[in-house]
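Structure first, then comments.
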Amino acid sequence: MTDTLVLAYSGGLDTSVAIPWLKDKGYDVIAVVLDVGQHGKNLNEIQAKALKVGAKQSIVIDAKAEFADKYVAPVIKANMMYEGEYPMVSALSRPLIIKKLVDIAHENDAVAIAHGSTGHGNDQVRFEAAIHALDPDMKIEAPIRDFQWSREEEIQYAQEHDVPVPIDLDSPYSIDENLWGRANEAGILENPWNQAPEDAFALTTAIEDAPDTPEFIDVTFEAGVPVALNGEVLSLEKLIVAVNEIAGKHGIGRIDHIENRLVGIKSREIYEAPAAAVLMTAHKDLEDLTLERDVAHFKPIVEQQLANLVYEAKWVSPLFDSLMAFIDSTQQNVNGVVKMKLFKGNATAVARQSEHNSLYDEDLATYTSSSSFDQASAVGFIKLWTLSNTVYEQVNHVHSQAKKNTVK
C-alpha cells in the first residue's frame with residue numbers, strides 16, 4: 001500500500017517539481033493550497049495544475065476569514081512588529097497553513113507532510129517546528145532544501161517530467177503574499193545599496209504619484225479589533241481588503257529594512273503592508289486614550305516578546321498562550337473610533353474618541369481657569385514622590401556636595 005503525503009502547494013516551480021519527485025519516492029501526494037488572500041492568484045488553475053503534474057488529490061481551502069480573525073487580530077491587539085518594523089506578514093500565515101496540513105494529514109491517514117522551503121530562510125523552521133508540536137510522529141519531506149536544487153536543475157527536472165515552467169520564471173524576485181501584506185526579496189534587492197525599483201512593489205503607489213489631497217477614514221474598534229470602516233460594519237477580512245486598497249493608493253505601508261533572520265543571517269526585505277500600517281497606528285492611538293498608565297508602559301515589553309515568538313516559529317508555545325492572555329485582558333476597554341489621515345506615504349491619527357472607556361478627562365487636563373485639577377496638592381506629592389532619592393543623595397552625595405558644618 002502506497003503511503004500518503006500532504007504537500008503545502010503554491011503552484012510555483014518549487015512545489016510543482018516536488019510532486020513528481022515525491023511520487024517517484026513512493027508517495028501518493030495530496031496537494032493543499034490555502035487561500036490566505038494572495039493577490040492576483042487563480043487558485044482554481046493552481047488546483048488543476050497540481051493534478052496535472054501528478055497529485056492524487058488537490059484541495060483549495062478558503063482560509064481568509066480564519067486568517068484574519070485568529071491570526072491577524074492578535075497581531076493588531078498586541079501591536080506586534082518584529083524589530084520595530086515588520087508586521088509579521090509571512091510569519092503569520094505559516095501556523096495556520098501547518099494547522100490545516102496536519103488536520104488533512106490526519107483525516108487521510110497520511111504519514112508525511114512536505115514543504116518547498118529552502119535552507120536559507122525562516123520558513124523551514126516555522127513549518128517544521130509547528131509540525132513537530134502538533135504531531136511529533138509526522139514525517140517531514142523538504143525536497144528543495146534537502147537536495148539543494150539549482151534553478152537550472154529544477155527547470156531540467158520539470159521538463160523531463162512534463163511540469164509546466166511558469167512564464168514569470170525570469171522574474172528576479174521571490175514573493176510571498178497574504179491578506180496582511182506582501183514580502184519581496186532576492187534579485188537586485190539582495191544588494192542593500194540598491195534602491196528597490198518600482199517593479200518590486202504591487203500594492204502601493206509611489207509617493208511621488210500618490211494623490212496630492214489627503215484622505216480621511218474612521219476606524220472603529222471593539223476590544224482592540226477593527227470592526228467598522230467609516231461607520232460601516234465589516235468583517236475583519238473585508239475591512240483589511242478595503243483599507244489595503246485605500247491606503248495603498250496613498251503610498252502607505254512600504255517597508256525597506258535589514259532583518260535578522262531566525263537562521264542567523266541578515267537579509268534585505270521589502271514589504272508592503274498598507275492596512276497594517278493604518279490599523280496598527282490607529283489601534284495604538286486608541287490604546288493611548290483607554291489604557292491605564294502602568295498597563296500602557298508594561299504592554300510594549302510583552303508586545304516585543306510576542307513578535308519574537310511569532311517570528312521565531314513559537315506560535316504554538318505555552319509562553320505565547322500566556323502572553324496573549326495578558327494582551328486579551330488589556331483589550332477589553334480598547335473601544336472607540338480613530339480618525340486617520342492618509343497622505344503621501346503617511347498614516348497619521350488626527351482624532352479619537354471612546355464614549356465609555358476614555359481615560360482622558362478634559363476638566364482635569366485643561367489649562368484654563370475651569371480646570372478641576374487641584375494644583376495645590378502637587379507640592380506635597382512632589383516631596384513624597386522624590387523622598388527616597390532625596391534621602392539617598394543626602395546620605396551619599398553622588399551628585400552633590402555635602403554641606404559644611406559651621407561652628408559658631
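The backbone N, Cα and C atoms fix where each Cβ goes, glycine too.
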Same-site residue for ATP (record: Swiss-Prot; known: Ala8, Tyr9, Ser10, Gly11, Gly12, Leu13, Asp14, Thr15, Ser16; options: Gly116, Gly121, Gly181): Gly116
Of Tyr71, Tyr86, residue recorded by Swiss-Prot at the L-citrulline site of Asn122, Arg126, Ser174, Glu259, Tyr271: Tyr86
Site of maximum Cβ density within 10 Å, from binding-site residues Ser16, Thr118, Asn122, Ser174: Ser16
Ser10 (ATP binding site) versus Glu259 (L-citrulline binding site) - Cα distance in angstrom: 25
Top Cα neighbour of Tyr271 (L-citrulline binding site) in the set of binding-site residues Ala8, Gly12, Thr118, Asp123: Asp123
The one of Tyr86, Tyr271 whose CB sees the fewest other CB atoms within 10 Å, among these binding-site residues: Tyr86
Cα-Cα distance linking Gly12 (ATP binding site) and Asn122 (L-citrulline binding site), given in Å to the nearest integer: 19
DSSP state at Thr118 (L-aspartate binding site), helix/strand/coil: coil
